[in-house]
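According to TrEMBL, the transmembrane segment annotation covers 12-33, 86-104, 110-140, 222-240, 261-281, 301-323, 439-458, 470-490.
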Amino acid sequence: MVGGVTTNWTKWVSTGICATFHILLILIFWGSLRRTNTELIKTSTSKGPVKTFKTSVKPGWYYFGRKMETADFEWLMWFSTFRDHIIFALSGHVLFAKICSMLAPQYRSLVYMVYGLLAVWTSMGWTYVTLILSHCILLYSISLVKIRWLCFVTGLCTLATFKCEPFISWQAGFVEGDFELRPVFFYGGCGFTIMRCMSFALENCERKDGNYNILELLKYNFYLPFFYFGPIMTFDKFYVQVNRCDLTRKEREMWNINLQGVIHLIVIIVVDILFHFMYILTIPTDLKLMKHLSDWALVGLAYFNLVYDWVKAAVMFGVINTVSRLDHLDPPKPPKCITMLYVFAETHFDRGINDWLCKYVYNYLGGKHENMVEELVATLCTFGITILWLGPCQVVLIWAFLNCFGLNFELWTAKFFSVEPFSSFEMAMSEAMSRRIRAIFNTFNFWSIVLYNVLALNSLDFAKLVAKRLLLKGFPITTILVMFVTYCLIQVIKEQERRQLNEKKLQ
């Protein structure tokens, strides 16, 4: 009991550190952007040249005289435009799942499948369901051969058909109707279906006694909370958890689920408020405008674009995870807070995809991640599949190259400093001094991660402008101040991680 209380305490401390740092940055960023935002809104409502604001800033709080940023389609889809539809579908799933778990818990996975299949049929039509079933049958048939590389090649070739013509147009013709969410549902459902089928096929290859039934694949794929938007839960974990008959909950588990739901609601409200005051997604699309921002405002803008994307992923996956936890599943955790990231090995915004890639590609090919050649092959294959998943284009290719290089460079640096005389120098240092020196390198790592991912979220020009301001035009004042604040942050994070590690050892 004491260990559980201590673990919860450290989690709250870690969350508090992250929140405090964000509040400080918001105050600095808000002070720099307040005057700029006011001028932008005035310009967008007049005959000014800022066309971007005319399309992505719409009427919001009438009584407060504030306009709302509408640049993020995904957020608006989830929590504004199609909020009622999503709530209705997930509420129906929770209702039927609860009834089944009370009356016939052994059949709950079958009820999940039937409800999910009917929901997909209702929203996209029977021809789309036929398309999904054809992909499931194809990959199930290949999995019976139990040849791992053949399952991979088949799955990747199938995924590639959704990234190039004329296959896209031909498969899109299977969708009935014409509504705003049609392309989102089409690509989300098909993409995640193929990744789930590949997970099933690869797990079937590992099974020594017989094969999994195709019904298990359909139960896995048509679980509605995960179907369109993920996250991906590997088949081995889903199979064990969904077929568990003992549905008793741990102490305070329901209280934690309710607490997570309340936290998500509060975050949604906070983001909605920020959308009326800080137009962080619209400003980066106008490079002429950004050239007039201060160095601090521009650096803060880049950082908060990443923070927002993390918050969006955490909330969207968090809502789905809350529903799946009600179904007695243990879904992939939300992504790690961007503020806590200072190594490339932990950088991800979708833990489900990250777990999938690590299990079937990165760890499988990289082994213990000590050999540089094996690590290079593993990272190249991992980011190759990631490029195919995201869709090959210039920005994705540059992003993948930089992150692949960063991941390998970390291993090369670790190998270099593990040989003499550097290893002896570190052994002679105290633990605190070693941590301080490592934090210096991690500081540059942190901003490399920020810049590389800003490139993917915004544009190459925006990333180049931020890098130029941070490292060249802002040198030495802005550069030193930003790096010093980041260094202090990393020191605090490292100290917290050290304490958590010691507490786990004591337990």
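Each residue, glycine too, has its Cβ placed from N, Cα and C.
Please treat TrEMBL annotations as automatic predictions, because they have not gone through curation.
On a predicted model such as this, the values are computed, not experimentally measured, just so you know.
The list of residues near the transmembrane segment (110-140) in space but at least 6 beyond its ends in sequence, with Cβ under 8 angstroms from a Cβ of it, reads 89, 92-93, 96-97, 100, 151, 154-155, 158, 171, 174-177, 182, 185-186, 189-190, 193-194, 197-198, 200-201, 214-215, 217-219, 221-224, 227, 242, 327. Long-range contacts of the transmembrane segment (439-458) within its own chain (CB-CB distance under 8 A, at least 6 residues past either end) are made by residues 284-285, 302-303, 305-306, 309, 338, 341-344, 347, 349, 395-396, 398-399, 402-403, 406, 410, 413, 466-467, 470, 482-483, 486-487, 490-491, 494.
Count of Cβ pairs under 8 Å against the transmembrane segment (261-281): among 222-240, 301-323, 470-490, the largest is for 301-323.
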